[in-house]
Amino acid sequence: MPILCSSCEKKRAVLKRPKTGHSLCKECFFWAFEEEVHQTIISARLFNPGETVGIGASGGKDSTVLAHVLKVLNERYNYGLKLLLLSVDEGITGYRDDSLETVKRNEQQYALPLTIVSYEELYGWTMDAIVKQVGLKNNCTFCGVFRRQALDRGAMMLNVDKICTGHNADDVAETVLMNVLRGDIARLRRCTAISTASEGEGVVPRCKPLKYAYEKEIVLYAYFNKLDYFSTECVYSPNAYRGHARTFLKDLESVRPSAIMDVIHSGENLSVREGVRMPVQGTCSRCGYISSQALCKACVLLEGLNRGLPRLGIGKHHRLHGKILAKEPLTQEEERKLKAVDF
């Protein structure tokens, strides 16, 4: 016997929400999902009328759903926002070039202007070239650092007031677990923040409207709305550390469905004992980007690549930053140690 929608009690239910367990028809699910995102936006005061908001668009399900929902809510509730799509081309053949074709279609489908910035233009390197030099073990470190800075540079170029990213509840919970496992107190304090204030010149505030949206529900929303998105996984990510946290979280969720939200709320309520030393935020002496060291991570990674010493940016080599700034050559012993590490 068909199950009726538990909300309207008229139409046939087509899904059972992973988040609440309610059986809903398509229309009621769309409304419930969109209203939850709206409440997240309103309660956290993510936007102000008249702001220009850049949407970090990768072509994947999260950013595609984010663009669709923000456009719907902006029109439904008259947020008064000017929405733009901003994409980063990391230079990954067979992955990013294909996903950017999806973003270009989204540009037409949602009537939102699109800007693409590339690693090659900004850094002189593509991820394909970086992986040839460093291998598959630490490549995600390079990509993550460069992508964050590339998004900020693109946002500055467009003069946007805020950047929205498609990070969902699963992503936030995974990040909490990763920072716990790494013992990274500084990142653990800020990884659950739904928005970040401007951290200095050259940094645009970011926000996560999908912070409390389950990945499963994002997939269902995209599927039933027939949204156009790219679903292939990055060819360089199978060995990423995040994958282990994701697997662990999925195992927890299978036993306890509320595990994702439980982990997020735990991260939100963590406090650091008084007296614990925390990194002091400053600016990079070379590029002016935010950094707790003399050089930001992106500049150190780039310096290592250009010198043929990619290990320079992996691990703790802060004592070498002075030499890099002074453009001094490294000693043979320093180079030997950096080259001796197996990638």
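Here, residue 1 is simply the first one shown, and the rest follow in order.
A Cβ is built for glycine as well, from the same backbone N, Cα and C atoms used for every other residue.
A TrEMBL annotation is a machine prediction, not a hand-curated record.
Record features (TrEMBL):
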type: BINDING; residues: GLY56, ALA57, SER58, ASP62, VAL88, GLY166, ASP171; note: ATP binding site
type: DOMAIN; residues: 53-234; note: domain 'tRNA(Ile)-lysidine/2-thiocytidine synthase N-terminal'
type: DOMAIN; residues: 282-312; note: domain 'Cytoplasmic tRNA 2-thiolation protein 1 C-terminal'
Arithmetic mean of per-residue pLDDT over the domain 'Cytoplasmic tRNA 2-thiolation protein 1 C-terminal' (282-312): 83
Distant-in-sequence Cβ neighbours of GLY56 (ATP binding site), under 8 Å, six or more positions away: SER63, LEU86, SER87, VAL88, LEU151, ILE163, CYS164, THR165, GLY166
Composition by DSSP (helix, strand, coil) of residues within the domain 'Cytoplasmic tRNA 2-thiolation protein 1 C-terminal' (282-312): 14 helix, 4 strand, 13 coil
C-beta crowding around ALA57 (ATP binding site), within 10 angstroms: 31
For ATP, whose listed binding residues are GLY56, ALA57, SER58, ASP62, VAL88, GLY166, ASP171, the greatest C-alpha pairwise distance in Å: 19
Tertiary neighbours of SER58 (ATP binding site) (same chain, Cβ under 8 Å, six or more apart): SER87, VAL88, SER99, VAL103, GLY166, PHE230
